[in-house]
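Structure record follows, encoded as structure tokens.
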Amino acid sequence: MSVFFGGLSGSQTPASSHKWDGPRHGRFTEMIDDDPDMEYEPDSGGSDPEDFDDEDDCPIAVEIEISDPEGESSWQFEDWEVARYHADNIEELRVYAYVLRQVIELKERSQRTPRPPPPEDVYPKVPSEVGRGLMASGQFGSNPNDVDGSKKRKKNLSTRLMQRQLGAVSERETRSILQDFIPGTVSDKIMHFNSRCYSGEFSEDGNFFFCCSQDFKVRMYDTSDPYQWRYYKTVNYPFGQWSITDATLSPDNRYLAYSSLRNLVNLAPTDPEDLSEPTVLDFGGNSSYVNTGILSLRFSSDGREMIAGTNDPSVIVYDLETRTPILSLNNHRRDVNAVCVGDPSSPYIVYTGSDDATLRVWDRRSMGSGREVGVFLGHREGLTYVDSKADGRYVLSNGKDQLMKLWDLRKMMTMSQFNDIKLDLPAETFDYQISSYPREDYRPHPNDCSLVTFRGHQVLKTLNRCRFSPPGSTNSRYVYTASSDGKVYIYNLDATLAGTIDVRLSTMFSRPQDDDLRIFEVEHVNNWVTCVRDASWHPSAPVLAATSWNGWGMSSGTCTLHSWDPFSRLTLGDDEDSSSLNYNSELELIPEFNAYMQKTRARICSRLAAAPAAAIACSTGRSRSGRRLNR
């Protein structure tokens, strides 16, 4: 499949040979199947670019040719559109080529014979028998089936909580109580950012939280009281590209490292009294021509090194003492989106997840040989995030195939086994950033070695993150993931849904629209768009922080705080409702946002009350047909 661009002058028509005379005349070719890179081939003929003033535009004609590599079907069409570009604005042409590629793909898909969605049996069974076995094993929290039924009935929640306060229960039973507390949809705080929020995470002790946003700032908060946060510091990335892509805390919580789509990493102190400038670390080895984009970043377990995944694609090991990169491994064949370093019980284990759909396992002591120790296969599309249970055994991954998978280190594929397999790279026809996943094309991986597969969430638009629930309060009883449909999905280990946090619903109408946007309210509620990119569960309290692209047109961001409250429900229009208060990024109350939210939600409720069918649905959660509404 090829896309050709040729410069034309005036009303000149193209020749069939794809060679044209004209200003800044040349040809752009994009070989989608063979080479994703764009090449510019200037021709010697044509007018001199200097003959044109800066105000002049170069009209661009486009010819698109599409053919089946197998020769089964071939067709060609010409779409001559005059687009006004400056003669030497090459970058805009690259963007134009990208858009055309999507148009071509949509046209190809529209001409295919529609295929029915795959039967449900192509997906792993839910509930998972393996997952149920893990839940009963005691490795993921206490097993409620082990509790004597008569004793359990005699102890309601209030009695169990009182006994916990009095110290009359064992540590095991204390954890059994806490593991049932799942944060809910109602947001205690809505922190508004003027740009998209890309990640946010609690420290291991729960006393610190950081939030990264697209304005190249990282904001830090004191969360020693998980319900009453205190803002204290912001650090910048002054030479960033696109966004801050990742951030990680040192093992002693003294430093925060954060990256962008550059080869430079900033290292900032987390001490609120230390206002010194961040230290800049060059992961490109001080080479002026290197411009590696870092996608994921982690400290080693001992804090002496950092490991980064890049879009080279490569895995870079950086020595903090000598301030130099000491290893660069190119085993992955596409972007390395995720890096995860082992826990204290396995400090040398490193996991890397890539767009080549592999999760690779490394031993830091042998990484110098350039070889992994094992590979996990099972995803059909690229991986977006990897998390460890911190027990030296279980690891979790999220994938663009809309699946989250649980793995056991003992069941990984050895390198000799992996080398005997022909690795099929994911097809480049699916772009998760702009299109939905073609579910009808899904087929299970023939070499899937995962334990449990979780599905129901969305991994679209961005690299949505997943994690284990904290070991301290929930014994990692659950796994949870941010989702592009504006929710956080919390799963049991048997792949059944334990709960959801609807960030979109809890934040809807929490800020006014910009002046250049029209308020559509109920009739066009989809104009308020939410994509949850990251979520972090507090290690010792039933509190979860969700960082999102959120708002009118999804151009701004929020960090929302959700806690466990069995009696709370989302109320719209209640003048006495004090939940979901709106703050700016420095935790200063925004009265105009609160007033707007209450006024708008009250108007919605009055409209719903005026419509009998809608009122019934609003009060019961069901339509007149009895079908459960998606709330």
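Placement of Cβ uses the backbone N, Cα and C atoms for every residue, glycine included.
What TrEMBL lists as region 'Disordered' is 1-56 (among others).
Marked as compositional bias 'Basic and acidic residues' by TrEMBL: 18-30.
TrEMBL lists 31-56 with the feature compositional bias 'Acidic residues'.
Residues or ranges marked as region 'Disordered' in TrEMBL: 133-155 (among others).
Residues of the same chain lying 6 or more positions beyond the ends of the repeat 'WD' (294-328) and with a Cβ under 8 Å from any Cβ of it are 245-252, 257-263, 265, 281-285, 334-344, 347-348, 350, 352-356, 362, 364, 367-368, 463. Under the heading repeat 'WD', TrEMBL lists 294-328 (among others).
According to TrEMBL, the repeat 'WD' annotation covers 329-363 (among others). Look at the repeat 'WD' (329-363): DSSP puts its residues at 0 helix, 18 strand, 17 coil.
For the repeat 'WD' (376-417), same-chain residues at least 6 beyond its ends with a Cβ under 8 Å from one of its own Cβ atoms are 131, 139, 334-335, 337-346, 349, 351-361, 426, 430, 432, 437, 439, 442-443, 445, 447-455, 457-459, 463-468, 471, 476, 479, 481, 491, 493. As annotated by TrEMBL, repeat 'WD' applies to 376-417 (among others).
Residues of the same chain lying 6 or more positions beyond the ends of the repeat 'WD' (329-363) and with a Cβ under 8 Å from any Cβ of it are 295-302, 307-316, 370-377, 379-392, 395, 397, 399-400, 407, 409, 412, 423, 425-426, 463.
Mean pLDDT of the predicted structure over the repeat 'WD' (329-363): 94. Per DSSP, the repeat 'WD' (376-417) is made up of 6 helix, 20 strand, 16 coil.
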